[in-house]
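**Q** Handing you a structure now.
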Amino acid sequence: MADSAELKQMVMSLRVSELQVLLGYAGRNKHGRKHELLTKALHLLKAGCSPAVQMKIKELYRRRFPQKIMTPADLSIPNVHSSPMPPTLSPSTIPQLTYDGHPASSPLLPVSLLGPKHELELPHLTSALHPVHPDIKLQKLPFYDLLDELIKPTSLASDNSQRFRETCFAFALTPQQVQQISSSMDISGTKCDFTVQVQLRFCLSETSCPQEDHFPPNLCVKVNTKPCSLPGYLPPTKNGVEPKRPSRPINITSLVRLSTTVPNTIVVSWTAEIGRTYSMAVYLVKQLSSTVLLQRLRAKGIRNPDHSRALIKEKLTADPDSEIATTSLRVSLLCPLGKMRLTIPCRALTCSHLQCFDATLYIQMNEKKPTWVCPVCDKKAPYEHLIIDGLFMEILKYCTDCDEIQFKEDGSWAPMRSKKEVQEVTASYNGVDGCLSSTLEHQVASHNQSSNKNKKVEVIDLTIDSSSDEEEEEPPAKRTCPSLSPTSPLSNKGILSLPHQASPVSRTPSLPAVDTSYINTSLIQDYRHPFHMTPMPYDLQGLDFFPFLSGDNQHYNTSLLAAAAAAVSDDQDLLHSSRFFPYTSSQMFLDQLSAGGSTSLPATNGSSSGSNSSLVSSNSLRESHGHGVASRSSADTASIFGIIPDIISLD
């Protein structure tokens, strides 16, 4: 009962943030005002909470009200330099006290050397809620060799109950350490660099495994009252998310006093997080280059090729329960990082794939930005787990003209060549294979011709370069319409051929024959003057010009038209259609009238007007062209000039 009352009193003294942590830990709703959160926490306690929740309440209460191990009266120092030191701060006890009030494993400088500022800060020391030197180990950095520990991993702790906290540390250098740092100075560049460095690192206070570098939130570091530059903030991935710094070791060598008599102080300020504690450590390290790491990797030796062959056989072993079996594996000899041929093929022991990457490029990239992630499977591939594959070293030695290989079930390998390379190799043997294939083709063709002449057998030569199939074939010759072929006679389809009489479909009344005795034959001969004109262009021969003409009936001089049609030679085949171009003044359209054969113009009449129309018989045109006006009969002349008074458009 007393225990529950004590827990209730602890819950009543918690703040909003601590109540939210408690309710969230218990799986309850943690939203609301303080009195609502307090009511929920009391109901949780009244309902009988688990021992884990009770421990959480006590932990939150201890953080809320830390117990003091020293009081200001105990650590009052009226004048360190003039008055005797109190018994509690005797010289024998000072070396075991650090600035956060915890015993230290390494002796530190007396308090009088810290100055009056830190003497006034001594009363505000924290309690022993966290171990000063917990069993914390930080991950080993491949590019740094550890020379010494200046400050062992120590928890960041402060008696300040506020969110922003601050604590101070101090360390001193030995003469040997000062000499190591001074002798490693490199002033060749614009900056003064040191290969032996003083390195500050932060991590989480966890002992389960070696810890990675992890900065506390809102970290600020001052070394000897000078601000220390930290890595820049990373851009947030989402809106409203607080930006964070990339956690890396901090080089504070340029801010350290290289002296054996003057100590170095480090003031760390950060923002406290509920449920998380941090630790810091200071090391003396030596920086290494990628060349040194590559030499060390080679010194480890090359892995036996049989290990890789066993892995290949394991991957290609058929699973009896699976319907799909892998029969081969294709692996590239190009590095996935630089897309260049591998020189030192390596991969991590933790990787399950066979694909390797180049060790030189991998180490150089991590020297600029240490991530140590496998470029093939995106898993962690630390330097300590890298191995050089002996099987790939053999492949690179014997396969110099190929960038891809294929592993088989027995662990053997074969180069994978492109189609063009394979075709070039097979083309060199076409001298023998071509003769055999041509002989075989000839024998098959002769045998089929003797047995069945009507049946053709197509023999395909597989040794011919396939690139010829990809070439564009010449388009087949365009077929000429039989009705428009120059050698074929013009079709009479859709054309009405009439003798020397009036058309039965003509709407004009029959006219009596005109006496042509009074017409002088020399006059007609004048109209037979040949027109020497160039033929009509081919691209204009099939065009229909009637839509561009007006729909009214157009009358032309029939005598001139008939004479022009009779004068055109028979070898001009420019009129490919049965339409009549109603132009008399243009030489282009007069050429269209030179169509040969027995075709006739279709009978037409005006659609809108009531004018009379008639047809021109091609027979009369043929007679007038083939023989002459002098040999014509009077009836022929009358049929041309008397019966057909005018010609109208089809449209």
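Even glycines carry a Cβ here, placed using N, Cα and C.
Note that the coordinates shown come from a computational prediction; the quantities given were computed from them, not determined experimentally.
So Swiss-Prot lists these for the protein:
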| type | residues | note |
| --- | --- | --- |
| MOD_RES | Ala2 | N-acetylalanine |
| DOMAIN | 11-45 | domain 'SAP' |
| BINDING | Cys351, His353, Cys374, Cys377 | Zn(2+) binding site |
| REGION | 465-511 | region 'Disordered' |
| MOD_RES | Ser467 | phosphoserine |
| MOD_RES | Ser468 | phosphoserine |
| MOD_RES | Ser483 | phosphoserine |
| MOD_RES | Ser485 | phosphoserine |
| MOD_RES | Thr487 | phosphothreonine |
| MOD_RES | Ser488 | phosphoserine |
| MOD_RES | Ser491 | phosphoserine |
| MOD_RES | Ser503 | phosphoserine |
| MOD_RES | Ser510 | phosphoserine |
| MOD_RES | Ser522 | phosphoserine |
| REGION | 600-630 | region 'Disordered' |
**Q** I'd like the per-state residue tally for the domain 'SAP' (11-45) from DSSP, helix first, then strand, then coil.
**A** 25 helix, 0 strand, 10 coil
**Q** Do any residues of this chain, six or more beyond the ends of the domain 'SAP' (11-45), have a C-beta under 8 angstroms from a C-beta of it, and if so which?
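**A** Contacts with the domain 'SAP' (11-45): 4, 53, 56-57, 60-61, 63-65, 274-275.
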**Q** Taking the center of the Cβ atoms of Cys351, His353, Cys374, Cys377 at the recorded Zn(2+) site, which other residues in this chain have a Cβ no more than 8 Å from that point?
**A** Arg347, Ala348, Thr350, Ser352, Gln355, Val376, Asp378, Lys379, Ala381
**Q** Have a look around Cys351 (Zn(2+) binding site) and count the other CB atoms within 10 A of its CB, chains all included.
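**A** Counting Cβ neighbours of Cys351 (Zn(2+) binding site) within 10 Å gives 19.
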**Q** Counting across all protein chains present, how many other Cβ atoms fall within 10 Å of the Cβ of His353 (Zn(2+) binding site)?
**A** 15
**Q** Out of Cys374, Cys377, which has the highest number of nearby Cβ atoms, where nearby means within 10 Å of its Cβ, if these are the binding-site residues?
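**A** That would be Cys374, with the highest Cβ count within 10 Å.
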